Each structure stands twice: as structure tokens, then as C-alpha cells.
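Here Swiss-Prot flags 215-265 as domain 'LRRCT 1'. Annotation source Swiss-Prot lists domain 'EGF-like 3' at 1005-1041. Sequence annotations record features per position, and here Swiss-Prot assigns domain 'EGF-like 7' to 1337-1371 based on sequence analysis. The feature repeat 'LRR 5' is assigned by Swiss-Prot to 158-179. Annotation source Swiss-Prot lists repeat 'LRR 6' at 182-203. Among the features that Swiss-Prot reports, repeat 'LRR 12' is placed at 541-562. According to Swiss-Prot, the feature repeat 'LRR 14' maps to 590-611. Residues or ranges marked as repeat 'LRR 20' by Swiss-Prot: 833-854. For 1-33, the entry in Swiss-Prot reads signal peptide, with the evidence type sequence analysis.
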Amino acid sequence: MALTPQRGSSSGLSRPELWLLLWAAAWRLGATACPALCTCTGTTVDCHGTGLQAIPKNIPRNTERLELNGNNITRIHKNDFAGLKQLRVLQLMENQIGAVERGAFDDMKELERLRLNRNQLQVLPELLFQNNQALSRLDLSENFLQAVPRKAFRGATDLKNLQLDKNRISCIEEGAFRALRGLEVLTLNNNNITTIPVSSFNHMPKLRTFRLHSNHLFCDCHLAWLSQWLRQRPTIGLFTQCSGPASLRGLNVAEVQKGEFSCSGQGEAAGAPACTLSSGSCPAMCSCSSGIVDCRGKGLTAIPANLPETMTEIRLELNGIKSIPPGAFSPYRKLRRIDLSNNQIAEIAPDAFQGLRSLNSLVLYGNKITDLPRGVFGGLYTLQLLLLNANKINCIRPDAFQDLQNLSLLSLYDNKIQSLAKGTFTSLRAIQTLHLAQNPFICDCNLKWLADFLRTNPIETTGARCASPRRLANKRIGQIKSKKFRCSAKEQYFIPGTEDYHLNSECTSDVACPHKCRCEASVVECSSLKLSKIPERIPQSTTELRLNNNEISILEATGLFKKLSHLKKINLSNNKVSEIEDGTFEGAASVSELHLTANQLESIRSGMFRGLDGLRTLMLRNNRISCIHNDSFTGLRNVRLLSLYDNHITTISPGAFDTLQALSTLNLLANPFNCNCHLSWLGDWLRKRKIVTGNPRCQNPDFLRQIPLQDVAFPDFRCEEGQEEVGCLPRPQCPQECACLDTVVRCSNKHLQALPKGIPKNVTELYLDGNQFTLVPGQLSTFKYLQLVDLSNNKISSLSNSSFTNMSQLTTLILSYNALQCIPPLAFQGLRSLRLLSLHGNDVSTLQEGIFADVTSLSHLAIGANPLYCDCRLRWLSSWVKTGYKEPGIARCAGPPEMEGKLLLTTPAKKFECQGPPSLAVQAKCDPCLSSPCQNQGTCHNDPLEVYRCTCPSGYKGRHCEVSLDGCSSNPCGNGGTCHAQEGEDAGFTCSCPSGFEGPTCGVDTDDCVKHACVNGGVCVDGVGNYTCQCPLQYTGRACEQLVDFCSPDMNPCQHEAQCVGTPDGPRCECMLGYTGDNCSENQDDCKDHKCQNGAQCVDEVNSYACLCVEGYSGQLCEIPPAPRSSCEGTECQNGANCVDQGSRPVCQCLPGFGGPECEKLLSVNFVDRDTYLQFTDLQNWPRANITLQVSTAEDNGILLYNGDNDHIAVELYQGHVRVSYDPGSYPSSAIYSAETINDGQFHTVELVTFDQMVNLSIDGGSPMTMDNFGKHYTLNSEAPLYVGGMPVDVNSAAFRLWQILNGTSFHGCIRNLYINNELQDFTKTQMKPGVVPGCEPCRKLYCLHGICQPNATPGPVCHCEAGWGGLHCDQPVDGPCHGHKCVHGKCVPLDALAYSCQCQDGYSGALCNQVGAVAEPCGGLQCLHGHCQASATKGAHCVCSPGFSGELCEQESECRGDPVRDFHRVQRGYAICQTTRPLSWVECRGACPGQGCCQGLRLKRRKLTFECSDGTSFAEEVEKPTKCGCAQCA
């Protein structure tokens, strides 16, 4: 029903009111609109992974969270986020953002979290965050930032987490972090930082995480402050190391002493080198002078940031730059010349050259540019030279050059342009030269205007020609009549075998279907076509790409998928894919299925799949993958189905699937899993997750073969000795023999004879100098990105016409100092980018004319130190090097004689004359057969690899046919044998041997021992026609048949009445006492090593000696001196102390730890074991107590004192601080912490005073910390024992559960001088557990990992190890628990890694089998199924059943029931234990069910509970617990 306001009615709306109402409704509608491609839920807008190239419009004004990650956004403009005043979280990571305009975040005053990591930022504008006071977390990691300006973070005063790692930062301005006083996390690792301004981090008192490792810190005097700063904070900044000078390289900065930070000169020491960004600076790798910045050939992959603002020319040619980001040159308004030639540039931002009003020269040739964005040359009114040749440009927009009125030279030579729209060159009013050749022009009616233009303006100087149709092919466009340019349906304009780039005038039409492929709707079918690579151009509307059943071996990172924003499915199955370059799938965020089944992948890493943010199905079946590490699937958070069926997987690293947050189906079948200790985590993981298809089974070890992996018990996952360190790590992308840095591989001086395996496919520089190569490795042609190859100082003697094929990007080739004599005419064919060629130091005499025909870019030729023969045949080379001075004036002529010593560069060409043929040696270098190297009438053939090859006539062989095949020519028959030659080319000879010899050359004596008669172990020795027997010692005779009696009277060797004993090894003499030697002939001098003391005389006796003592001495060895009366008589020193006489006064020398006049008290103890304590039981009056003790430890945590249970006092070491928890009856209990840390290894005095509800804590006499517990007065339980250094397990668990202690670790260190109420305590009156030893000093520096330290051993403190451990520190496992076992009459049987039992022999019993007679075992025949056997005097042997079971043998399981439980719910997060803040009730389901049912929860209750953790953190989480149990179908 419509309401129509009537004139004069008070309820009607006036026109202004009506407009206001309509505007408000429209505003509300706009505020709730959702941008296209995005999802809006409440105040959250999710646009991630949608292929966006710019910030979307119409973002609701009330948005609080905005997800823009995983797109293709390149620039953030000032007004992109205008009006978003309520935004709190902004996610911009994983885009291609190259610039952020200042003021872009000004409206977002509530912004708390901003992530810009994994982008392409090079410059961080100052004051970018000046209005973001609420910003607490900022992530700028993994960008290309090169500097941190002074005002970069000005205004972000609440910033707590700042991540700047993995950038290219080399400059940090002084004061850059000064405003960040609340910062807790700062990461600067993996940058190029060499120095840091003094005190840069001193204003961060809350800093708890700090990373600075993996930089290039130069440790001179300017960095000395950092060493002291790091020493004061030993837990942060770990692994921060010096990179220079050489003497300090590799040392931790914190460990370098102050005196070692030195500067070499006075100027250096005066002040640190300034790092200022106000007007830019010269990049470290470049040279700058007179306004010219020269960065040629420096290996750059991006344009340097923060360049000098006053520069007029920048040279960036011969690098590896891949893109020109937005506004790359806009700040440098004085630029007049830019040279970016010979890079890898494939993309140019539309505003890359914006604002360069003075630019007159722009050089972009030799790149990979395919498209010129609209307006890329806009505003370049002064440009005169534009070189775009040697790219892949396929389309030019008609207005591409509209602002270039002053352009005089335009080169579009060597591109892929098929047509040009009419009017493309209309605005070029000053054009004088135009290069259009080497483009596949289609000369149809659309190109008629160009022919007319070129006839009117004859400025095209390269001879542009038509490529099609056939009737006009190869004809000059400017010379064809206009009427010939026509369009006809009968003619074919597309050139078969090439890509079709025939786009419309706006360059926006989708490309045609790839050659040979079929395109239906949005499906591109390219299967079974024997393709070796993915087609370069695919329609942008493609949703499914089928490339299965081809021969693709490498997936290259070409950026293809960045343009396919609608692609959903890629099928690459049944190819030969063995390598996927990192970044291949960049921009493929829309792809949900990727099939790589039946390929040859051996390993996988996360970089292979980077960009596949929306992937849900990943098929990797039937490959050769052997190992899955925890970086394999990073970033694939949306994958639901992962198939690894039928690979070679033997192990999987823990956490390998943690990043697959959405994973619901995993196929691991048909893999040869090695179920050792490295796979122990997987069984439990499979049981918990229940997402695995089938049951993957173990293949190794043998005893687990074919057992389902999830059924293997945890102890059975074990490693043999030596396998513990073998894990699953990503294969390094560098050969073992080489060193790699980015795309540079250095394999110099490694004695290599072949190319090493594992060279990265994207290598750009390869150094193989100083090795043993004899040929150019054929595999070099597979590395198509090579720009430099160094093969100098090898043994290469020849080149072939295919030595350097497929190296179109090669710019430098070094072949100096080899053995080259001749170079084939086509050796350098296809090297169009080659600029430097070194042939220096070879044996080349001549080069054929035209050898450098393809090397059109060559500017430097090194051919010195070669014997050049300068006749008329080399005249062309002299003229060639003179044009452009390509040779530096080093090469000299070696002949003919009249030209000897003359320079190739400066000698006039007319001097190069022929006066006859050159010498045979010169000619033979390229025609080696001229020198007739083959002997004995052999035929010579030129060979490209072996220089020449001889075909030998019958009867000869060898390289030069120098070896005769007459076998008898060398008199091969020995020992008088006669030689008989055999006929034929490969025939040999035979020998007629004399009697007694045999063999092919009569060299074998006939074996006469075949039928020997030697007996009794005699050894037959062959002679010429006879043999002899070598008899054992006790036999004689010709055949060793007679036994020798060595003990007969005439042969007995024993003397001095020694007894002779015959043995199989001969006679043995048993000597009388006092004699020695083999035959007892030597009289033994017993005084030789006598022990007589104090000048006593030794008297030799029979088999002994006696000592004659000096007067006053006594004892068997005269060791007892005359004894004076000692003052120690009657003095009783206790606890093993010795009494010494000091000034006629007895003094007890106490052992370590004891004190008192008679060493009667134990005052200091050392806790050397991890689980031990002391217990006092007779202490009183706790509510009012004064406790003092001294503590020394290097540990972070440990219990010092504990008394009580519910009402308690607890003193513990927590993270280095002393924590006191005190509960005299009030609730809740309270705790205080010391400000000081005491875990520095020194002794510290801890004083504690309790007075009813008040506690005072003081460290080393400092200011006390006070705590008041207000509440009812209550006296603590004085009967509870006082525990020192730890407590029993049950007390520990109870105290931990009630939060009375935060860390249950026992104390490890030293405690001494414990005073309670001013009374020094005696530790001997305590219950002392093993592992506590007297004294502090001896055991303080000896840590026994699995044992106890004994401080008073003879050699000093020693470790007594637990069973199964050994070594100085009890840290080395011994060979099993049975090593050194104590079984007397029995066999040692291992129970586990550390324990064993004794299996007694018949007739023995006891734990060690040391008791005679077997003891009857009452439980021997009783098998309790669910319980244990117990024997008693009344019942005898009977079963004690486990809960839930009954019956005589505990065989009956109780019916299903629910046992009520009320307790805290606990979980573990990392190293922290977390429990709910209040207890909750639930039931535990136990018992059996009839049939196949299971006892389980029938009714579940879900509650959201708050957890508090032992590390101080808290969180809320939903918990589901059963409230009713019953029988149901098993899950």
C-alpha cells in the first residue's frame, strides 16, 4: 500500500526530507555490499586467492577483518583503503606488491595486525604508519627491502611484534627503532646487514625474541657495543656471528672480547660509516660517478632501491632482473638514460617510468617482454631512443607510442608481432629510423596501411618482410603493391607449427587454441601429442588443462598460470616430469585439482607448489618419491585429498602433514616403509586422525614386514646403532663437490672429469675451471638459463658443432688455457647473446671465416697466447677485430716469419698475405691426417672427438697401427720354450715347452707335489723335477716320519735342575725358584724392583728379598718412621675427616661439605641427580620463620623448598628467578618473584621471612619483595615434612595440580648454609635420597647425565653411571643391559634398553642365580588374564583382577558402565601443561558389551572452558565429555 502525502497534512514529508531518507538508504545499501569475487561474513571480508590484481572497490565501511592474501596485487594506492576506520586485521601477504603509497593506511586508526610478507617491496616509505597507533603486529618478512629509514615506524608506538627477516636490508638508519619501546619480538635475520648504529636496541626493555643471525656483520670497533648488549641478554640473539674481518669470521659476536673489535685506521675509528637514506646512496655492488650508476653484469635479480636521486643515467644490462615493479624509476626525475638490455624481464608495471620527463634513451632489448601495458610510455615526451628488439612482444596497442612525439629511433626487430593496428606510428612525428624485421607479419588487408606508410616514409632500414600468406612470403612489406594486401577465406594466414598471436587492436582478445590441441568450451585438450613442454600461450578462459600422456620432463617457472585466473584443473599424468621449478604454479590460486600421477618425481618441496593456495586435490601416485619431509607441503592449507600411492617412500618426517589443515583423505598404500625410530610418530598419528585410506604396511625391518603400520607398538619402532642420525631432510639443490649461491654454481679445482650431478636447472653462472675435462660436457645444453660458463684450465682438446647448443642466453664463455688446436666453423652457432669469448692460451693457429656469424653481440674476444698464423686466410679476423676494437691488442702473430710478433689488432690487413701453403704442422691442426700419423700403411680418418682415427691393415693395431700382431716377435716363450706364430689379424701364438715346464708361455714349473709323500704335517716344496718336505719342529726324516725327543739326555736344553716337558711346539722348561729364561739359565735378581724405603738395603733371597732397615725405622719395607707423640691422639674426627697436627693443636680436615670442630655437620650438598631431594621431619613454627640458604646453579628451573599440602609454602627457581608461593590459609594463594636471576652458576643468598600472612623475599641482601595474604589466620601444618631440592612424585603431582608450583623439575646444583630461625641445619639429620652427595665444589663442574657424581674419588670427582650408560658424563649408551651382568649360574635376558633378568640353570635360584636349589614358584602355573598373581599365607596363589574384570582368572569383563569422574581436564601445548580453571564432571565408559558392540558414550556434553598453562598463557577451548555410557555399534 502506497502512502500519498496530502497537501496540508502534518504527516507528509518535505522534498529535502525525502532526499535525505533516500540518501541514507543508499548509504546503508553501499555499506553492506560485498565486492565481486569476495565472501562477506559479519564484519569479515574474505577475498584471498581470487586472482585480484588491485584492491577491490565497495569494501563495506564496517569491515574489521580483510583477507587479500594470495592474489596478484602489485601496488597499494593512497585511497585504496579510504574510509575503513574500523579495520583491525589486514592480510596482504603472498601478493606481488612492489610499492605502497604514503598515506595508504592513514584512515585505519584501529588497525592491530598487518601482514605484508612474501611480496616485492623494495622501499619502505617514511611515516607510512604514522596514524596507526593501535598497530601491534607488523610482518614485512620475505620482501626485497634494502633499508630501514629513520621514520619508517614513526607513530606505531604500540608495536609489539616486528618481522623484517629474509629481506635485503643493508642499511639501518640511526634511530629507526627508537620509538618502539614496547617491542617484544624483532627479527632481522637473513639480510645483508654489515653494521648497526650504536644503541639501536637499547630502548626495548620488553624484548624477548630477537634474531640477527645470517647477516654480513663486520666486527670492527663500531660494532663492539653489540657484543656487550648480547652478553647481557644471553637468551636472545643466538647464533649472531661475525662475517669479517677474516680473523673473527664465524665467531659468535657475544663471545668476541672488547679488545678484538678494532679499526685499522684513524679515519675508520673516528665514527661508523654513515648510513643515510635522505637522498639515496650508491648500491654496494655498483659504481657511481658523474651522475652515472653502473650496475652492469652484477648478477642482480631486482632493480636496486634507494638509488641516488640526482643520477642521470643508470646501466643495468647483463643482469638477471625479471620484472620492473610499479614506480621503479619514478623517484629519479633527473634520469636521461636507462639501459635494461640482456636481462630476464618478462613483466613491466604500467607506471614503471611514470614522471620521467627528462628521459631521452630507454634500452630494453634482449629480454622476455610479451606485452606492453597500456600507458607504459605515457608522459615520456622527451624520449628519442626506444629499443625493444629481441623480445617476445606479440601485440602493440595503437596508442602505445602516443606521447613519444620526439622519438627518432624505434626498434621492434626480432619479436613475435603478426599485425599492427592502423595509426600505431601516427604520433611519432620526429621518427627517422624504424626496425621491424624478424617478425612473423601476416600481410592481409589489416596490414595494407603499413605498406602505404613505409612507401611514404622510407624509414624502415632492416627490410621487414611478410611471413604469410604463402604468395607474399619473404617479400619486403614496403615494396608490395597495396592491392596485394587482401583478406580471403581461401588463404591460410596462420603459420603451421607456430603460436598464433593474431590479437585485436586492443591486445585483449583471447589467444587461439594451442597448436595441435583441441579446445571445447573452456577445456583445452593437449593430451597424447608427444609435447616436451607446456604450450606458451593458453586461452585465458581455460578452466581445465589436459596435458596427460606427453613427454614433458621439466615444469618451468614461466609465469604462465598468472594469466589463467579461471583455471580449476590441471592434468599432467603419464609424463616424464622429474623436476618442478620453484614458482611454476605462481598465480594458480584458483586451481583446485592437480594430477601428477605416473611421473618420475623423486622428491617434493613446498616451493614446487607455491601459488596453489586453493588446491584441494593433489595426486602424486606412481612416482619415485622416497621421502616426505616437513617442508614438502607447506602452504597447501586447503588440500583435502592427497594421494602418495605406489611411490618409494621409506620414511616421513614428524609434522610433514601438519600444514595440511583441511586434509581428510590420505593414501599411503604400496610404499616400502622402513618402520624404524624415525617413523615411530606415524603409527599414533594414523590412529588418531583416521583419514588414511587402507592400511599402509611396513616393509622393513624383517620382523615387521607386512604388518600394518598403525598396529606396530611404539617400542618396536627402533633404530639400529648408527641409524639414529639418518633422517629425512630436503635434498640440497647443489652438487656435493660444488658451492652454490642463488643461481651461481662454483665447481672450480675439484679434479672433475664429468659434470657433477645435482646442478640446479636454473643455474646462470657455472664455474668448471681447473678440472680434468677433455671435452665440453654434453649435459651443458640442458641448462638453458646459463649466462656464464668458465671451462678454463682444463684439458679440452677439441670442440664440436654441438658443444654449445641451446645456450641462447649465454653472454660469457671462457675456454682459456686448454689444448684447443682447431675450432669447427659452427661451434658458436646460436650464441646470439654472447658478448665475451676467451680462447686465450690455447694452440689455435687459424679460424675459419664466418665462425662468428651468429655471435652478433660479441664485443670482447680474448685470443692471445695462441700461435696465430697470420697469412691471407686470417686477414678477415684482423679486419673483424678492428671494427669495434673487439680484441684488446694482446694477440700476436706467430707466423709466417715476416709477421712474427706483430699485433693482430694494429697490423694493417694488407700485410696478411699468402706466400704458399702454411707448414704441415699448422695445417694438421684442423686436418690432422695431413701429417700421416698412421704407420704401417694404416688409413687416417678425421674424428671430431679424437682428432683423428687410424684404420689398421691386417697384422697391426694401436692408435697409430704401431703394434704388430706377430705374436712371436716379442719372444714370449720362457724357460727354453719354442714359439709358433698363428695366422690371422687377431691371431696369437703357441709355445712348445721343455720337460718340467708348462703353461701358455712355459712359465709354470710342473707341480711335483701333486703326489708327495710328506706326513705329520710336513709341507711339500716343489723343485725342478723333484720336491722336498719341510718338517714341523718335532719331526724329522725325508718324509717327516720320525718323532724328535727333545727331552732325551743328549738334547735336553733345560739347566739348573729344571724339568723338561715335551709339547707339540717343542720342549718347555719349568724353572726352579730363582731362575728364569727359556732354558732356565738366568739367575733372577729379586732386588731389581725392590720396594725398600728410607735408605734400607735390599738382600736378595730365593724368589724373594728382605729389607735391612736404618735405625729407627721398621716394617717389612722399612716404611714406618719413628713415631713422635701426636697431638691427634684421642681426637675423634667424624665423617671420614683426617686429624692433622698444627702447632701442637689437633685440627680436623673435613671432607667437602662437612663442617664443625669435628666435622660433625653436613653443611653443603650437591644435587647431582635429576630426581632426588632431602627431607626434614622435625621442624616447627612455620608461620613465623626466618629461612636463609645459599644456592648455586646454572639451570632455569628447580624446587628449592616445599612444606605442606593444601596450606603450603613453596620456594622454587622459575626461569632463573626465585618464586615464592605462600598459602597460610587464605584463598587463593599468592606468589612473588625475585627481580634478580640467580642461575649464573655463582652462589646467591636467598632470605625468606614469614610472619603469619606476610612473606618477605630478599636476594643477596637486596631490597625485599613483600607479599600479604589477607584472610583468616591459620597455622600451617607443622607436622608436614620440609623438602629441599625436590619432593616425592606423589607430593610433586599434587602440588603441580594445585598450581602451588609451576615447574616440577627437581633442583640440580648446590645448596649450602641452610639457616632456619638462625639455626644452621645439619643435612646428616635428614632423609637423604640417592643422588645427593656432600660438598659443592668438586661436583659443580661435572654433570652426570645418567648417573651420580662422587666428589671424593681418588682422581677427583667421577660419575657413577646407571645401568646401560657409560662415558665420562654417563651420556653414552653401553652395549645393551647384559653388558657386565651379575648372573652367577644363569643366562642374562634383556627386559628393555636398561634392565635385565637372570634365567637360572637347573638347580639354582635367586635373583642372580646364586642360590643352590630351585625354589618353588607358587604362581608358576596360574595365568591371570586381566590382572596379576599374588601369593599369601592364607589364600595361597590367587589372581588380583584389574578394575572392570572378575573371575578366578580375571577372565570375565564387567558389564558396560560409567564410572563418575570429577577432575580438571588437562592438555599439553608444546612444553607447557594446561588445565581448566575449575574441575568438571563426566563419566569414564568401561566394561564389555554382548555381541559385537562397544562400551562408549551415548550422550556427550560440549562445554567451552578456560585453560591456564604452566608457561603463564591462557586460552578458551570447547571440550566434549560423555555423561552417559552404553553399548553401541563400534566406531
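Cβ coordinates come from backbone N, Cα and C, glycine included.
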Residue counts in helix (H, G, I), strand (E, B) and coil for the domain 'LRRCT 1' (215-265), per DSSP?
20 helix, 4 strand, 27 coil
Positions on the same chain near the repeat 'LRR 14' (590-611), where near means CB under 8 A and six or more residues out
49-51, 548, 553, 561, 564-584, 617-629, 631-636, 643, 730-731
Secondary structure tally of the repeat 'LRR 20' (833-854) (DSSP, helix then strand then coil):
0 helix, 3 strand, 19 coil
Model confidence over the domain 'EGF-like 7' (1337-1371) (mean pLDDT, whole number)
63
Summarise the domain 'EGF-like 3' (1005-1041) by DSSP state, stating how many residues are helix, strand and coil.
4 helix, 11 strand, 22 coil
